[in-house]
Amino acid sequence: MNQILLCSQILLLLFAVANCDGEHQLDSSMDLKSDSTKSAVLKNVAPKNDATQAEIAKDDVALKSGKKGDYVMDIDVCTMPLDDYPINNSKSRKNSSTLPSQILTDKPNQGSNQIALKALKHRLLMEQNNNLFLRNHSVSLMNEIEARKTDIIQARQLNIDLELELEALKRKLSEMNAQNARKPTKSCKKRPSKDIAPPANQLQEVIVKNTYRNKYLTLLTQLAQKINYEIANVNNPATDVPTGKSPSEGNPSTT
């Protein structure tokens, strides 16, 4: 790409040099025509400047590096129209408008320069088209590279997801193996409660509970006897004979 841009710059430089050379030759013809002392000796038309064309061909890098069959060497410049690619140069137009009609019609002097200019213009156009093609091709390659990068990123993300899923499966498999390893193991048998002696405080608590339970049952029995005795006295008041016993003792036969 750098070599192509360099060739384009060289072609532009050669185009400018050839244009200046043509203007210089036209100005020289005007000076020779206006000089009255040399008008009888010199001709109106300057000789063909083959040295300039040889110098242009010598300094042209594209012609040196061009191979046989290249598009630069195969151009038929004689068939190209002369009004193609007009030169946008106001100075040359001004000078050409002031030239006499006799100098403007001297085509043998300008033929070689015009052919060289047309060839340079055509070559410049071809280089520009080639640059545009290469630029479009580079853009398409960059787009393809970006698409490949996107595919690579997606593939990496997919690999990461697969690795995470594989780790989860390994974890589940290890848990299942641990559960299978626990199943064959037998649990320790507990000793029967009869063989185990209760602690001292537990025994003391049992004794206290039994004592209070017995006292409660005794009081409940005495209360029942007293109630029965009082009911009997209410039903039979005439037969109430004092026995000398306290009412609280009750009748033992009424249980």
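Quick reminder: no glycine exception, Cβ is built from N, Cα and C everywhere.
Here Swiss-Prot flags 87-110 (among others) as compositional bias 'Polar residues'.
Residues annotated as compositional bias 'Basic residues' in Swiss-Prot: 183-192.
The compositional bias 'Polar residues' annotation in Swiss-Prot covers 245-255 (among others).
If you look up Swiss-Prot, you'll see ASN88 (among others) marked as N-linked glycosylation site, on the strength of sequence analysis.
Under the heading N-linked glycosylation site, Swiss-Prot lists ASN95 (among others).
Non-local neighbourhood of ASN136 (N-linked glycosylation site): empty, since no residue in the same chain at least six residues away has a C-beta under 8 Å from its C-beta. Per Swiss-Prot, N-linked glycosylation site is recorded for ASN136 (among others).
The region 'Disordered' annotation in Swiss-Prot covers 86-110 (among others).
Under the heading region 'Disordered', Swiss-Prot lists 177-197 (among others).
The region 'Disordered' feature in Swiss-Prot is assigned to 235-255 (among others).
As annotated by Swiss-Prot, signal peptide applies to 1-18, with the evidence given as sequence analysis.
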TODO: Name the secondary structure element type, per DSSP in three states, that contains ASN136 (N-linked glycosylation site).
DONE: helix
